[in-house]
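Annotation comment: TrEMBL describes Asp7 as active site, nucleophile. Look at TrEMBL and you will find Asp7, Asp9, Asp164 tagged as Mg(2+) binding site.
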Amino acid sequence: MAAIVFDLDGTLIDSAPDIHAVANALLAGEGRDPITLDETRRFIGNGAAVLVQRMRQARGIPDSEQARLFAAFMARYDTAVHLTEPYPGVPQALATLRASGHRLGVCTNKPHRPAMAVLAHLELDRFFETVLGGDSMAAHKPDPAPLHAAFNALGETALFYVGDSEVDAETAMRARVPFLLYGAGYRKASIEEMLATAVFANFDQLPGLIETLLTEAA
Ligand SMILES: O=C(O)COP(=O)(O)O
Ligand SMILES: [Mg+2]
């Protein structure tokens, strides 16, 4: 059996439309132009504070407004779930992995409360024994501490981290665990540039990929 920890935004769920809507509600309130969905995808991955910072910088809002806009962003984040969908095949893949006896967790830079809110809304929370958010510990990805904490909570020896971004690749490398790259998420680099143990394009492939890697390692 393996412990498999997943990133959230851009890996299990396509949450950019909800984050885009929150960002643009804030920008409208500031009298600024909206950001595009593509910009939003590029701004995701280093947590909510960095996202707000990138949003501000893209529309010329000074640093002095960071704390106020971050608080306004967080006030809307827990309920920003209705435009978010799991990527195709995600619930089925998680159910298959659980049925095979694997133990599953989440390690995201999304703050813990909105992470739990969107997992519950999409009925994905039942698959996970542990969820580490970007504010669960003092350190967040690419620091490997929360990923180590997630694996410690699951208590297996075969470990896999599944993510979509450069931040996830670096986190896995620093934690020294195999990194499985979901190629259709929010990465900025090409697949070839990313240091991944394996790449998959569709969640239907993930359970078989895990079994193959476990057999190879045995
Ligand atoms: O940047 C965020 O808030 C979350 O991103 P992640 O789920 O890909 O870690
Ligand atoms: Mg991600």
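Positions of Cβ are set from backbone N, Cα and C atoms, glycine also.
From a predicted model like this one, the values you see are computed outputs, not experimental measurements.
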Long-range Cβ environment of Asp7 (active site, nucleophile), under 8 Å and at least 6 residues apart: Val106, Cys107, Thr108, Tyr161, Val162, Gly163, Asp164, Ser165, Asp168, Gly185
Centre the Cβ atoms of Asp7, Asp9, Asp164, go out 8 Å, and tell me which other residues of that chain have a Cβ in range of the Mg(2+) site. Phe6, Leu8, Gly10, Thr11, Leu12, Ile44, Gly45, Thr108, Gly163, Ser165, Asp168, Tyr182, Gly185, Tyr186
Within 10 angstroms of the C-beta of Asp164 (Mg(2+) binding site), the count of other C-beta atoms across all shown chains comes to 25
Suppose we draw a 10 Å sphere around the Cβ of Asp9 (Mg(2+) binding site). How many other Cβ atoms does it contain, all chains included? 27
